[in-house]
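What follows is a single structure, written as structure tokens, with notes after it.
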Amino acid sequence: MNRTLKSVFFLSDFDECSVANACHANAQCTNTFGSYDCKCKPGYHGDGKNCSDIDECSSVSDICDPNAQCTNNNGSYTCSCRLGFSGDGKNCSDIDECSSGVYPCHANAICTNTPGSHTCRCRSGFGDGRHTCRTLPKSCNERKKVFPASGSDTYTIDPGGNIGEVPYKVYCDMKDKGGVGVTVISHNRESWDYVNNCPCSPGSCSRIVSYNGASLAQLAKLTEISTRCEQYIHFLCNGDVAFIEASYAWWVSRDGVPQYYWGGATPGSKKCACGMTNTCQNNKGCNCHGGAGGWRADGGYLTDKTTLPVKEMRFGDTDDSNEDAGYYLGKLKSPPAIKSIYRRGQIVLFSYHCLISKHPLLNYNILTRMKLLPFILAVLCICAYQVANASKCKVTVGGIALVDHVMESFLMDNIDSCYKKCAETGGCESINFYNSNSTCELNSRTVENAPIKTVLNKDASHVMNPNPLDFDECSVADACHANAQCTNTFGSYVCQCKPGYHGDGKNCSDIDECSSVSDICDPNAQCTNNNGSYTCSCRLGFSGDGKNCSDIDECSSGVYPCHANANCTNTPGSHTCRCRSGFGDGRPTCRTTPKSCNEQKKVFPASSSGTYTIDPDGQYGKAHFNVHCNMTDKGGVGVTVVSHNSEARTRVNNCPSDPSCTRSVTYYWASFTQLAKLTQISAHCEQYIEYNCTGDVAFIGEQSAWWVSRDGVKQYYWGGATPGSKKCACGMTNTCHNGKGCNCHNSAGGWRRDRGLLTDKTTLPVKEMRFGDTDDSNEDAFYKLGKLKCY
């Protein structure tokens, strides 16, 4: 009998790992005495016969740095820091682009580091902050010089340079004044405005002027660097009003100083343009001062750039029943050189000294020297006494004859009237002036009170006859652009682009508010540009009018967005659904998580072997965890398989008699408390354990080895034996080597083995193993612990 046993236990071992496909291609095969073990390689899970890749990126939280991208590979994964961060993927730190070797912004821009990125912001006086950053032009004229192809549009200028006032936007008229680039500043008082009912006290009515997009300090810088600035101002009156001359009206400079003169006059003169040539009605300093009668007007350009722009206008004495008045204030313009602008219907003389007398004047010489602009429709002829060559008095505008010719009988027959005859085809209108003993006009519409004396400085230009009968230009089709508002003014008209458009009124283009105006909508809104307007729409997950958007708390809204068994967490503009313990993915498909693989198989019979999430004690107990479900083992009932870190065949030699060799077991994905719940709800649990020895070792019988239960209690028995028996499987049938309780107990000889299944659910899984008495030169041992299996 003993010989038979010896022949059994000393058989030569066959290495099953030498057989092809003994284990899965992604498993490690370990030969054991009389058997072999298949264990999936790191990065794979399964029973060793079948191994599938573990997607660490989706199954393990925080496996990479929050600022890294996790990429799953076969049997492994990689962590790569996102753009703007550096590191190994496990630890990523922000790259400070602003302090790196290559400065990411323009030299004239300020770089601000942000997590994973950076921002570039132009220093005052420069461009957009990126590599195209450049010095901003100081005026539209400078813009035109640097970029000759620039069209009329809105531009940003910086008159004070990059160390002065902040830049601001203006309209650049690239066609006016011969296309030199005129800086134009609009304001809130450009429309015609009546100022009647002002009490009879100086400056009783006030009109404050606010300029669009710029402060008075910013505009002061513009006037300082400009060679010329101008602002047209006009006053229309009726009745016996008091005006500049009596200090009843004035305008206020940008510095807050009252200015007692009007457009076209010398600063501080208390006069209007007509007062500079003594041609005002009633011999006053202005037409609109103390002169009863019909409508009169004073208008002209303010050109003192040390006082411009106009900050305020004050008016008084327009409250009598027969008194009425109105004003018009033009845009501030900064052209690079002096060029006068005149209105249709006015009489214009340019830069010549003309004195009316009874002596013959060479009329045609004066006229041929006059510079006529295409939009001037009237010109003053100085009548000579019995001029024989009066037919040479011809006026041509833009190559078109305004008046074909003046007939030869261009005579002054007496002191009281001036006669002239026009060609039938000339289309001119002959009108005699009041007391017009020496002047005549061609093609004008004035009816009375025209000037009779004119003395002009040769270095100046002057507008005579400032109050012709008005013609409503806005009644003409296409006077302004289709997207502009036409406003008729006395003797002229104004085209102003409608809100949402920009241009000179003749040409208006849509303003893309979404790209040109920052913070026009709420940060959580979408800006959509429309023709002449824009719309702000709150993004998905927010509510409001687009200007103000507030987060929608989906979790507290009427329709719960998650499953009844999921927890909803509101986030800005969205929400998250997370399953309560024991349930699925949190979305509307959320369902109860199975307690075991056996339950998964019962509910879903078609389930195949793979990784599943189970929750042994339901949604109100411990957290759920991942396991491998073997759907083919044990007749296909659905076996729950839990792997650990001690599955490989491991040597335990050189252990003293006192069990000093400890092997702790760590189970993947689950704690001992969670596994205890699994064993409690399972009908059967088992764990294979094996010990191989050679030499005279001591084992279970003399407490030189044991294993520890999940609760930390020492267990003195081995697989296949009864709990507490201090035996192995062979000891239960008295078939052990040398009649002991285990083959590996005090039995000299070759290799022997004790193995079997541990099946006591109240103690499983194995938490620790202790071994001793393997330190003699002839002693050696190996152990192997299998996976926990429950079903």
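Backbone N, Cα and C define each Cβ position, glycine as well.
All annotation found in TrEMBL is predicted automatically rather than curated by experts.
These features come from TrEMBL:
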DOMAIN    13-52  domain 'EGF-like'
DOMAIN    53-93  domain 'EGF-like'
DOMAIN    94-134  domain 'EGF-like'
DOMAIN    131-190  domain 'Fibrinogen C-terminal'
DOMAIN    393-467  domain 'Apple'
DOMAIN    470-509  domain 'EGF-like'
DOMAIN    510-550  domain 'EGF-like'
DOMAIN    551-591  domain 'EGF-like'
Sequence-remote partners of the domain 'EGF-like' (510-550) [C-beta within less than 8 Å, at least six residues beyond its ends]: 154, 483, 498-502, 572-574
Distal contacts, the domain 'EGF-like' (53-93) - CB-CB under 8 A, six or more residues away: 26, 41-45, 115-117, 611, 626
DSSP residue counts for the domain 'Fibrinogen C-terminal' (131-190), split into helix, strand and coil: 14 helix, 17 strand, 29 coil
For the domain 'EGF-like' (53-93), residues assigned helix / strand / coil by DSSP: 4 helix, 18 strand, 19 coil
